[in-house]
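> Sharing a structure with you now.
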Amino acid sequence: MMAAAFMIAGGIGSVLRFWLGNVLMAMIPRPRIPVSVMVINILGSFALGIFISLGIDNQTVSIVVGTGFFGGFTTFSTFSVEAVQLLAAKRVKASAVYILLTMAGSIGGFWAGSMLIP
């Protein structure tokens, strides 16, 4: 039962990432860095910080939502691909900015989210 819930939550997170990514790409059609994945990862980290700070004792809910949904919503693999693509295109500065903003933003986002719930 937990495996099915985990798969469904991961699927929902992935579909939401796909939808939001398309919305962001339509809003910012030619960004200098991959803004959509960066925003999604920061937003997902922020929301995960809020979720973790709720202190939910139910291990199943924590795994399904924390790992399933947020694991499907955020994406380290696409972030890695995009950073390497920028490097391969000899856009070293853009890659460095993308990596720095995504990593600092995601960690800072998680911290900020975790601070919202005392």
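Heads up, the Cβ atoms here are built off N, Cα and C, so glycines get one too.
Sharing the feature lines straight out of Swiss-Prot:
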BINDING   Gly71, Thr74  Na(+) binding site
TRANSMEM  1-21  transmembrane segment
TRANSMEM  36-56  transmembrane segment
TRANSMEM  61-81  transmembrane segment
TRANSMEM  97-117  transmembrane segment
> Do any residues of this chain, six or more beyond the ends of the transmembrane segment (1-21), have a C-beta under 8 angstroms from a C-beta of it, and if so which?
36-37, 39-40, 43-44, 60, 63-65, 67-75
> For the transmembrane segment (36-56), what are the same-chain contacts with Cβ under 8 Å, counting residues 6+ beyond its ends?
17, 20-21, 24-25, 28, 62, 65-66, 70, 73-76, 78-79, 82, 98, 101-102, 105-117
